[in-house]
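**Q** Take a look at what TrEMBL says about it:
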type     : residues  : note
TRANSMEM : B:6-24    : transmembrane segment
TRANSMEM : B:44-67   : transmembrane segment
TRANSMEM : B:73-95   : transmembrane segment
TRANSMEM : B:116-133 : transmembrane segment
TRANSMEM : B:182-202 : transmembrane segment
TRANSMEM : B:274-298 : transmembrane segment
TRANSMEM : B:310-330 : transmembrane segment
TRANSMEM : B:371-396 : transmembrane segment
TRANSMEM : B:408-427 : transmembrane segment
TRANSMEM : B:433-456 : transmembrane segment
TRANSMEM : B:468-488 : transmembrane segment
TRANSMEM : B:500-518 : transmembrane segment
Amino acid sequence: MADNPPPPRTRVVLGDAAARRRPADPARTDLAEQTPVGEALVKGLVRAQLALALRLSLVVVAGLGALPLLFAVAPAVGRLKVFGAQLPWLLLGVLSFPFLMLVGVAYVHWAERNEQDFTAVVRRPER
Amino acid sequence: MNPYLLPSLIVVILVTVAIGAYGLRFARTTSDFLVASRSVSPSWNAAAISGEYLSAASFLGVAGLILRYGAEVLWYPVGFAAGYLALLLFVAAPLRRSGAFTLPDFCEVRLRSTRLRRLATAFVLFIGCLYLLPQLQGAGLTFATVTGGSYAWGALLIGVVVTGNVAFGGMRAITFVQAFQYWLKLTALAVPIMFLIFQWQADGRPAVTPPAGAVFPVATSVVIERDAVLDGVGPVTAGETLHFAAGAPVPRVDTVDAKFGVDWLQPGSESGLFSTYSLILATFLGTMGLPHVLVRFYTNPDGASARRTTLVVLAMVGLFYLLPTLYGVLGRVYTPQLLMTGRTDAVVLLLPEAALGGGHLGRLLGALVTAGALAAFLSTSSGLLTSVAGVIFTDVLRPGRSGSVRDFRLATLLAAVVPIVLAMFVSDMDVSRVVGLAFAVAASSFCPLLVLGIWWRGLTAAGATAGILVGGGSAVVAVLVTVLGAELPSGLAEFIGQPAAWTVPLAFLVMVVVSLLTSRRVPADVGATMLRLHAPESLRG
């Protein structure tokens, strides 16, 4: 991140963002118009990122989303006490936040790795 | 009245204006005004996003809800924070890379449809107003509560301060203001709660839910606002003042909806499952559709930094949400009279003086939390106003390339007039409830549009339009029915009162089905758009 030079200052065009979409640089046009191969590369990246996002949201759904059902089906769990506090209060009021944070850190780590892989494949010199 | 109160409120307003004026020195172009020239660093940006997001509903409302309903509303803070995780996973980086500035812009970039763009504009304006109105009302009510002044003047004062600050400083100034206000809000809850917990320890840790029912910690007078029946006292009429000695049991008032004892301590049974899941769905998926949240992502320099910013926001917001729960719990011990009057939203404001007594410490901390509440109103309404004004500027005034700073100021004024006038005349809508409804509308209109637009090539303009109209439209109808207070049979009331559980899947379903039916109208350049949304910027040369 740090070794990239800051991008040049550009005027932001609001109303007609569509008009800005010109094939500005050859590298991007190349990739965009690269017929089956380029298309497949992009599809692969999108699929990898989507799979990652879905997998991690499944972790959240299993970890947090199942709790209301659990408390309703097994009220005994809701009555448990840990360190003098009721379990639901401890889980929702305190532990849920570091849990969300942890999932977020994992996502950023893997998503950046997916992008690095993609860049490496695209940048690979043709032989 | 608390002598520290007025000075602290004036200091907050002055510092806000001063930072706005300081930022103005850097604001030169329209781009500065709208996106701070995309040059804000992730940590500043994250503090600004958090400062903007933590509204009156978070600062006052969450603690009030927990005081009233206990374990089952713990989902509010969790959902408000988790919304940023959903945003991070599905939206943050691609949205920044799309290069669009507002939601209507995104529609145009992705689907090339002017009609869809107009529909999105209408929804942004609706959600913006729905969210701005309760902020101004909360500000007016707090002003009236703590200073004894009139409600309308409080709402008008905040409205004018916010409008002026946005109109003259725009996004560049607002970024600094919001970042300052995040730290102010965090301090304003974190410092008093430490003293409150020490006090609770020193008092011998009184039980939060004593088996014999709550008692008044000190002698208390309660003014009854509505005719009601009190158990143990009998019927009372409005305007009557009741006096209770220290240690007297707190009577329950039949007109105030609240939970007690085990019901408060433990999450709801199966009957509440539908509303719980509806709330979870609305808050988890609604955050990404809020106009003032999205607009902030365009101020990041690139997609990767948008992702990191979101992560820092998640941490900052999560840290903040640890605190309101504690206020709600301690309010159960020290301010039980709020459960009789029903003004539970005031618990954060009243708790320091109630627990620590009327000495200097209690009053000083009371002034600090009130200053934090003022910061909450100011920052959220500034952010909302900036984004609504941005949409009016680009889609209603349509200045094209010649758009000037003066046009942006005109747009700000136009965006502010309707909510301010409404807020002066409508004062009895519940802050947290209306904010929750805004989340439901956002979750059933913009969330499917963004998620499908970013991840699915097959989305068509017709599909997106149909999905927003059907899903978002039914959420809007449900909101209007709820806000206007129509009488509904009890089975239907739950579906209308918390609509997200059916409107969100409906919007996704309609969008997918109609897109499949019109699959010949998928934009021809969808491959290029996908590349632009997902490929790292370094590949753009």
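Just so it is clear, glycine is given a Cβ too, placed from its N, Cα and C backbone atoms.
Unlike curated records, TrEMBL annotations are generated automatically.
For each feature listed, report its degree of burial, its nearest neighbours and the pertinent distances within the displayed model.
**A** Within its own chain, the transmembrane segment (B:274-298) is flanked in space by residues 35, 38, 45, 48-49, 52-53, 72, 75-76, 78-80, 82-87, 90-92, 95-96, 100-103, 124, 127-128, 131, 268, 306, 309-310, 380, 383-384, 386-388, 390-391, 436, 438-443, 445-447, 450, 494-495, 497-501, 504, which lie at least six positions past its ends and keep a Cβ under 8 Å from the stretch.
Long-range contacts of the transmembrane segment (B:433-456) within the same chain, counting only residues at least 6 positions beyond its ends with a Cβ under 8 Å from a Cβ of the stretch, are 55, 57, 61, 76, 83, 90-91, 94-95, 103, 106-107, 110-111, 120, 123, 126-127, 130-131, 133-134, 278-279, 281-290, 463-464, 467-468, 471-472, 474-476, 478-479, 482-483, 498-500, 503-504, 506-508, 511-512, 515, 533.
The list of residues near the transmembrane segment (B:468-488) in space but at least 6 beyond its ends in sequence, with Cβ under 8 angstroms from a Cβ of it, reads 116, 119-120, 123, 126, 130, 429, 433-434, 437-438, 440-441, 443-446, 448-449, 495-497, 499-500, 502-504, 506-508, 510-511.
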**Q** Sequence-remote contacts (6 or more beyond its ends) of the transmembrane segment (B:310-330), Cβ cut-off under 8 Å?
**A** 42-43, 46-47, 49-50, 53-54, 58-59, 62-67, 70, 74, 77-78, 80-81, 84-85, 87-88, 92, 182, 185-186, 189-190, 193, 196-197, 200, 208, 297, 347-348, 351, 355
**Q** Return the stretch with the most CB pairs under 8 A relative to the transmembrane segment (B:6-24), choosing among B:116-133, B:182-202, B:371-396, B:408-427, B:500-518.
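**A** Looking only at B:116-133, B:182-202, B:371-396, B:408-427, B:500-518, the most contacts with the transmembrane segment (B:6-24) come from B:371-396.
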**Q** So, do the transmembrane segment (B:73-95) and the transmembrane segment (B:44-67) meet, by the test of 3 or more Cβ pairs under 8 Å (sequence gap 6 or more)?
**A** yes
**Q** Give residue numbers and ranges for long-range contacts of the transmembrane segment (B:182-202): same chain, 6 or more residues beyond its ends, CB-CB under 8 A.
**A** 12, 47-48, 50-51, 54, 59, 316, 319-320, 323-324, 326-327, 330, 333, 348, 351-352, 355-356, 361, 365, 368-369, 371-373, 375-376, 379
**Q** At an 8 Å Cβ cut-off, counting only pairs 6 or more apart in sequence, do the transmembrane segment (B:408-427) and the transmembrane segment (B:116-133) clear the bar of 3 or more pairs?
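**A** Contact between the transmembrane segment (B:116-133) and the transmembrane segment (B:408-427): present, because at least 3 Cβ pairs are under 8 Å.
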**Q** Among B:116-133, B:371-396, B:500-518, point out the range having the most Cβ pairs under 8 angstroms from the transmembrane segment (B:44-67).
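**A** Of the candidates B:116-133, B:371-396, B:500-518, B:371-396 scores highest.
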